[in-house]
Amino acid sequence: MLRKYKPFLKAGAMGAFAYRSAIFTWLFISILQIICVVFLWVAVYQNSPDGVDSVINGFTFKEMIVYTVFVNIFGFATLGGDTLFIINEDIKKGTIDLAFTKPISYRFRLLSENLGNLFAVNLMIGIPGFTIAFIVFASIGFITITPVSLLISIALFILAQFIANLLNDTINYICGVLCFYTSSGWGINQAKEIIVSFLCGRLLPLAFFPGIFGLVINYLPFAGISYYPVLILIGKVDLLTSIHYVGFSLCWLILLNIFAKLLFNHASKKITVQGG
């Protein structure tokens with residue numbers, strides 16, 4: 001069964017390699033963004049009562065710098081792909097009918113292309129970026145972790161990252177299916193990007209959100225897209241909590257895919273083709 005999706009995996013990977021110049025341009029922009037955010041946190045901690053020795057919402061200065069760098073690398077390495085726009089274009093061009101006539105799953109075809117793309121991006125950016133950042137932080141004492149703990153953290157992180165990729169893709173797929181109702185992918189994508197970036201911990205650690213709002217956010221699926229995997233990688237949480245995070249994200253992944261299936265079945269009854 002999986003064999004028939006290999007061409008789509010390969011196509012996704014080749015597409016990423018073909019547009020590597022654009023990817024490296026975005027990487028340069030992301031590096032500038034990381035530098036700006038790091039300097040912002042330096043200023044925040046330096047102006048705190050205890051200076052760089054302050055602990056703000058459970059994060060020391062070193063942990064915050066490490067988190068900022070890693071969450072941005074992670075965000076770049078788990079780019080959402082073009083699932084939403086592909087669905088939107090299929091609807092506009094009238095080619096969406098092929099999703100119902102081809103002997104392959106439309107959902108798994110899009111997922112395969114996205115996973116291939118993410119695999120290529122991780123080879124070019126993700127793995128080198130994490131490795132370099134980890135070596136630098138370890139050499140200056142910002143990360144202190146035993147070899148055994150490091151191996152466990154990496155193993156759980158790889159699993160958490162894979163689930164994060166699937167969560168991200170599923171959310172993109174759901175937003176793409178919403179185009180059946182609105183026929184406007186751009187607006188949906190803009191809203192999705194703002195919501196996900198805010199609630200997944202890329203802009204600010206979720207520990208900084210106050211009271212009941214922070215509690216609710218931690219129980220939403222978005223935390224598994226960036227926040228949980230990065231905490232696992234940098235050793236911010238213990239083994240039991242790491243396993244809990246992975247299991248929690250997996251449960252959300254299952255629930256979201258069930259919802260996506262139901263939504264697609266309902267939306268397919270309301271197809272309005274704009275082209276073709």
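Glycine residues also receive a Cβ, built from the backbone N, Cα and C atoms like all the rest.
Straight from TrEMBL, the features:
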- 21-44: transmembrane segment (TRANSMEM)
- 64-87: transmembrane segment (TRANSMEM)
- 108-127: transmembrane segment (TRANSMEM)
- 133-159: transmembrane segment (TRANSMEM)
- 243-264: transmembrane segment (TRANSMEM)
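Taking every recorded stretch in 21-44, 64-87, 108-127, 133-159 and counting its Cβ pairs under 8 Å to the transmembrane segment (243-264), the highest total belongs to 133-159. Annotation: stretch 64-87 has the most Cβ pairs under 8 Å to the transmembrane segment (108-127), among 21-44, 64-87, 133-159.
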